[in-house]
């Protein structure tokens, strides 16, 4: 049985669970499980970076492919297909220790998460907007943080009881399965006839020049590179210190908690100083967080960095799309596609560069500092748009 309720609350709840499963777990469970894989398989830092990059390349391919699908009534089907693929790929991560097989799995999982995100716009965000409750869209994006909290809890509890990396992936797969069953029931059966697989549709602003959009695209790509190194290797950095390894699960959970409220917070900052300045300020805060993770070994510093990092990366993503809708020319959907591609390239390159850098230098310090520089440049490019 499936819900046919017109209330916006079940719809927002379905969106929350969808991004919890497909993004918070499907895309980001790799981060807390990666230290167990590095030790248990074992994996080199370069192998770990290769697997993580495959995840983000899959997201890039999935986002572009989904945006190219024709409009119509199949959005719900693609949305649920992405969730089912997320369940399968997360659970199947424990079936092989071969780095290539793991990378292929993460590529498919990344594409699945993109399907869910892209079609959540037409299935959830647009109906909420038409119902006069656009603020409930923040609940949808809070699902990323909720999934991070859930994966941190699963890994923290089971890891402390001796579970290996295979069992951790299977447990996360079970969580995505339960979430998908609930979504299947809660998500209304009917889909808007106007639904399209575009993550952001808006009326284009008239007379906008290309240079502001070029600046924003470059800033968004640098943000993709800048956030993803810490987003992938934060718990691995903690595992490398005997004094900090007990903080792996708490720090990652704190990232998730901050991420759950990130878009809500930065939207309110934007209401005071403007969206472009909010984007720039958030990039600077995130640059400070990334720097802190490799320049201090104090437990308190990592807790502060977790709040700063989690509290910015989801907000930057959402605020960046709002700025794009304001400055894009006559085809905002195409502008979003270009922006997604550049962001995807940045976040796909980051883990590989970081993994190779860590293997050559023995730490993630230089790659993380490079990420902080990229975020600082992103702030400079976006300021004043």
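A Cβ is built for glycine as well, from the same backbone N, Cα and C atoms used for every other residue.
Just so you know, TrEMBL annotations are computer predictions that nobody has curated.
These come from TrEMBL:
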{"type": "DOMAIN", "residues": "10-385", "note": "domain 'Major facilitator superfamily (MFS) profile'"}
{"type": "TRANSMEM", "residues": "48-66", "note": "transmembrane segment"}
{"type": "TRANSMEM", "residues": "78-97", "note": "transmembrane segment"}
{"type": "TRANSMEM", "residues": "103-125", "note": "transmembrane segment"}
{"type": "TRANSMEM", "residues": "137-161", "note": "transmembrane segment"}
{"type": "TRANSMEM", "residues": "167-187", "note": "transmembrane segment"}
{"type": "TRANSMEM", "residues": "218-237", "note": "transmembrane segment"}
{"type": "TRANSMEM", "residues": "249-266", "note": "transmembrane segment"}
{"type": "TRANSMEM", "residues": "278-295", "note": "transmembrane segment"}
{"type": "TRANSMEM", "residues": "301-323", "note": "transmembrane segment"}
{"type": "TRANSMEM", "residues": "335-358", "note": "transmembrane segment"}
{"type": "TRANSMEM", "residues": "364-383", "note": "transmembrane segment"}
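Here the transmembrane segment (364-383) sits apart from the transmembrane segment (48-66); fewer than 3 CB pairs are under 8 Å, leaving out pairs fewer than 6 apart in sequence. Within the chain carrying the transmembrane segment (278-295), a Cβ under 8 angstroms from the stretch's Cβ atoms is held by residues 219, 223, 226-227, 229-230, 234, 237, 266, 269-270, 301-302, 304-306, 308-309, 311-313, 315-316, 319-320, 323, 363-365, 368-369, 371-373, 375-376, 378-380, 382-383, 385, all 6 or more beyond its ends. A Cβ distance under 8 Å defines the sequence-distant neighbours of the transmembrane segment (103-125), meaning residues of its chain 6+ beyond its ends; these are 11-12, 14-15, 18-19, 21-23, 26-27, 30, 50-63, 65-67, 75-76, 78-79, 81-83, 85-86, 89-90, 92-93, 96, 134, 137, 140, 187, 191-192, 194-201.
Non-local neighbours of the transmembrane segment (218-237) in the same chain are 28, 30-32, 34-35, 38, 45, 48-49, 52, 56, 248, 251-252, 255, 279, 283, 286-287, 289-290, 293-294, 306, 309, 312-313, 316, 320, 324, 339, 342-347, 349-351, 353-354, 358, 364, 367-368, 370-372, 374-375, 377-379, 381-382; each lies 6+ residues outside the stretch with a CB under 8 Å from one of its CB atoms. Between the transmembrane segment (249-266) and the transmembrane segment (78-97) there are fewer than 3 Cβ pairs closer than 8 Å, counting only pairs 6 or more residues apart in sequence, which means the two stretches are not in contact. For the transmembrane segment (335-358), the most Cβ-contacting stretch among 48-66, 137-161, 167-187, 301-323 is 48-66 (pairs under 8 Å). Using a cut-off of 8 Å between Cβ atoms, the transmembrane segment (301-323) and the transmembrane segment (137-161) share at least three residue pairs, counting only pairs 6 or more apart in sequence. Averaged across the domain 'Major facilitator superfamily (MFS) profile' (10-385), pLDDT for the predicted model comes to 90.
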